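Per TrEMBL, the feature transmembrane segment maps to 12-39, 45-68, 173-194, 272-289, 301-319, 328-353.
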Amino acid sequence: MLQTDSEFTKVRWVCTIIGLGLYLVDIVTDVGLAVKYILNGHLVWAGLTLLFVVVGSAATQVFSYSWYRDDMRNPLVNPVGDRLISGMNRGGLIGLHVMQMGIFTRYYHLLKAGYRAVWSKSPGTFEFPREVHLALFGRATDLSMLKLFETFLESVPQLLFQLYILLGHGHKSILQCICMVGSFINIAWAIVDYRRCLRRSLPQVLEMPSGLPTFVYLLYKLLTITTHILSLSLFLVLSPYSTLGMAVVWLAGTLWAHWVRTDFCTSKGLERLYRIIVGVVLISTFFNVKGQDTRWPMAVYYVLFALVNLSGPLLLVLVRPEANETEYFWPVTLLIFGGTVLGLACLLVYYTLCHPRGKSLQADEVDGHMGQEREPDTMLRMRNFLQL
């Protein structure tokens with residue numbers, strides 16, 4: 001159904017709490033694991049574990065501040081013109097984001113406004129207008145975008161790195177397993193939450209159906225991303241210089257984003273940062289950055305994706321035959337082969353049978369049109385942002 005009657009519900013408010021909890025758990029376990037590595041004398045592992053946390057957090061803070069600043073300058077969002085947004089001036093916003101508190105500030109304001117809209121109403125009281133609920137979905141979508149940045153800059157590389165330590169060095173601990181499970185759950189939650197928030201926040205777009213379509217979509221993304229991470233971890237076990245190959249893929253993705261002239265940001269400097277992040281995401285999964293029909297680029301991407309997945313175990317056993325005797329090789333190989341086939345099958349099923357379509361939506365097109373009932377800067381972000 002079209003998003004004409006969407007409301008920010010109590011379930012959505014509770015899901016926001018869950019998302020905040022997962023975000024905190026992911027950060028705390030990563031920092032705890034880094035401390036454990038330091039105590040055990042693995043300083044390089046500790047440094048890289050913390051580096052992923054810092055890079056992911058810093059990038060999201062930059063975008064969060066930029067979006068607050070854009071809203072502050074927009075007379076339609078801030079009609080009073082008092083240089084305040086969400087009760088904060090520019091200096092306060094800078095301080096909060098320097099202290100890495102921008103995401104938590106957004107969670108606070110969303111939960112506070114959402115509580116007033118869905119929990120503080122009594123029977124028979126005035127219902128909040130539709131614009132209020134659309135504004136809440138706009139805030140939720142901004143958060144889901146930032147969480148998606150953090151996921152691909154921190155959770156995905158963290159999972160890859162910890163798998164390399166586990167498979168390549170045989171080092172394992174309970175905290176390391178908790179860290180990997182946390183990263184995996186964070187990836188799953190961020191992907192589905194972003195997808196559903198984006199479609200619900202756009203009033204003229206078909207909502208992503210619950211139930212089977214969401215489950216198939218989640219399987220498609222999780223299976224393709226995790227099998228790719230497993231395969232890349234085998235390349236790292238084969239040789240740490242495999243990171244050069246990943247750097248080439250990142251550079252190609254960044255150049256592609258530059259070539260198609262993405263227009264996600266309001267400044268050239270921030271747009272360059274966005275294109276760098278696009279390159280990082282393309283290492284793990286495909287997405288559309290321009291809202292165009294990308295059937296053929298998507299098909300080419302996943303053909304190459306399958307070849308990389310299948311070549312990881314084959315190269316490892318050919319170059320390092322002793323790997324065949326390790327306890328992890330065959331379970332990981334079966335997961336990669338089976339997960340790749342099942343993930344691509346879910347991709348075909350989803351886009352063939354489950355993907356919501358309207359008159360203007362194509363197979364992998366950005367789910368959005370300009371509307372008249374939303375904050376312009378938020379709408380622009382959603383219209384130009386990626387579709388996973």
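Keep in mind that glycine also has a Cβ here, set from the backbone N, Cα and C atoms.
Long-range neighbours of the transmembrane segment (12-39) within the same chain, counting only residues 6 or more positions beyond its ends whose Cβ lies under 8 Å from a Cβ of the stretch, are 45-47, 49-50, 52-53, 57, 103-104, 107, 110-111, 114-115, 118-119, 140, 143, 147, 150, 154-155, 158, 162, 173, 175-176, 178-179, 182-183, 185-186, 189, 193. Here the listed stretches are 45-68, 173-194, 272-289, 301-319, and the one with the most C-beta pairs under 8 angstroms to the transmembrane segment (328-353) is 301-319.
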